[in-house]
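Read the structure below first, then the notes.
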Amino acid sequence: MALLGRLLPLALALALGPAATHAGPAKSPYQLVLQHSRLRGRQHGPNVCAVQKLIGTNKKYFTNCKQWYQRKICGKSTVISYECCPGYEKVPGEKGCPAVLPLSNLYETLGVVGSTTTQLYTDRTEKLRPEMEGPGSFTIFAPSNEAWASLPAEVLDSLVSNVNIELLNALRYHMVDRRVLTDELKHGMALTSMYQNSNIQIHHYPNGIVTVNCARLLKADHHATNGVVHLIDKVISTVTNNIQQIIEIEDTFETLRAAVAASGLNTLLEGDGQYTLLAPSNEAFEKIPAETLNRILGDPEALRDLLNNHILKSAMCAEAIVAGLSLETLEGTTLEVGCSGDMLTINGKPIISNKDVLATNGVIHFIDELLIPDSAKTLFELAAESDVSTAVDLFRQAGLGSHLSGNERLTLLAPMNSVFKDGTPRIDARTKNLLLNHMIKDQLASKYLYHGQTLDTLGGKKLRVFVYRNSLCIENSCIAAHDKRGRYGTLFTMDRMLTPPMGTVMDVLKGDNRFSMLVAAIQSAGLTETLNREGVYTVFAPTNEAFQALPLGERNKLLGNAKELANILKYHVGDEILVSGGIGALVRLKSLQGDKLEVSSKNSLVTVNKEPVAEADIMATNGVVHTINTVLRPPANKPQERGDELADSALEIFKQASAFSRATQSSVKLAPVYQRLLERMKH
């Protein structure tokens, strides 16, 4: 094993080549992708790189690890081919690309990289070819032949009609008066071109894509005797206007222009920086309901959030997006920016109508839908995009809609739609009060909630917060999705209807005929005061059916010894509040008797000591009650205390309760949880 540990690093170093055995500067993302392509191509010989080509196009990419295994770029299938890595060439009869390309001057190197059209236009000028062939050190970002061919006819005509001014200036804009390799091309930097010292914008993305004024580098670092050539996929042009100036020029941004002016963001958009503006057109604003749009435009904070949600923190050129990316806006929302073929998508929608409009301080993509952040929405608007539509309909039917559309600071606890699969409660005064208890009197964020915290509701109740290892619950209901924080209200999506506590544990047990025998046993064991006082208890409450299932002799023996009865009853009471949503695969809950109860939950079935819980989460002010149809016994190896005081009275009380149970159990009918809740509210 020790020998293997020494050999593995050596084997890896030999596989990666000499560069891997020496510490040096960190490789750029482009160089790392190129290295991966070289590793994938090495089976075909030295200096062979694997290249992925989009099927049906001429677009090629050096392959990174993710693209290699997925065989997709922008959701489209690719084919793998193998070609010489930059700077190498084939030798007849030899495997791979063993020979280093001979160096020539810049002009000749243009032909080597496949930019013969650039050579042709260079020949048409009087001054440029001698510079490219003469002494000096230059960098040329050379458009590919396809890039020149894709220029609009009127643009190309204007260039070639005046070759010694327009064409010469255009070519000089693609040049820098020093050698610049890809490891020097830093994200967000500007290079000074040889045309009037105009800036060229460089972006070097983590996925290895490098862009020059949003044109992608196709073949990089081709050395020449007097410089270096990088092949790019577009003809680039000078950039003179900032983002704000472009907004002022474009007629399609009339509404955006007014909104920016009202928000004061024009200072940001005309200042220094590198941003991406997802610029909504006039039509995008017109798609929004007038009431919503007027509300946002009239609210300075909501308006600023709206506009900031259209600004990314860095310049993102379209060519840099080859798969889905999560990008944060200035507002703080994360947008999913992706691509499908040649189309860019925002949150999965192809809403970008024009891309890569360059500005001196970033790039603009035109969009035809407005991106309204949660922070600019009402609770109603938040709920419309969430899985809580049934609950929101209940609030509206109960006449509580104004709370969800106004400027009241609230947190809405909205049960998800699946809670109501068996139907919804009838709207009456009690239901309305129940719904009011799903509204907290403050705008909260779940990340600030803590165990034992109490929350005041519009219905006048105090709700408790329970924090468990894998869940966060408010009374019996647990948060089922991330918060949605709106302009004034926050939406919590809950996994069930919330049950406010209606009394102590003893009040709950006394108010339910199913527990008459248990109540009698508690009274005879002297535990009434315990379950009435302030505390945090979880009670696994045996029903009358559970007691009646005990053999008569065992039942009489149990009831004939008050101390043993108290010991067993204490074993049914945990010393903390554990609602069903807080139960994981297994929770060991310490009982008041001293031993631990094993509580688990699987597929919505809660068990205690492997016995099923018939009904969970009956909330009390000092705990929670879970109904069980069995009597639990402490572990047999723990000696039970014995005694016979109060035995006669205990047995008598129990007999009376048993008789009462037989008389009433036929009339007890299990109802849906929310109906039972409404019944408890009568007491």
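Glycine is treated like the rest: Cβ placed from N, Cα and C.
Bond annotation: of Cys214, Cys473, only Cys214 is listed by Swiss-Prot as forming a disulfide with Cys317. In this structure, the recorded positions Cys65, Cys74, Cys85, Cys97, Cys478 were compared by how many other Cβ atoms lie within 10 Å of their Cβ, and the smallest count belongs to Cys65. A count of other CB atoms within 10 A of each Cβ picks out Cys49 as the most crowded of the disulfide-bonded residues Cys49, Cys84, Cys317, Cys339. Cα proximity to Cys84 (disulfide bond) (within 10 Å) is found for the following disulfide-bonded residues from Cys49, Cys74, Cys214: Cys49. Distances between the Cα of Cys317 (disulfide bond) and those of the disulfide-bonded residues Cys49, Cys97, Cys473 are shortest for Cys49. Confidence across the domain 'FAS1 3' (375-498), taken as the mean pLDDT and rounded to a whole number, stands at 95. Neighbour counts were taken as the number of other C-beta atoms within 10 angstroms of each residue's C-beta; across the disulfide-bonded residues Cys214, Cys473, the minimum falls on Cys214.
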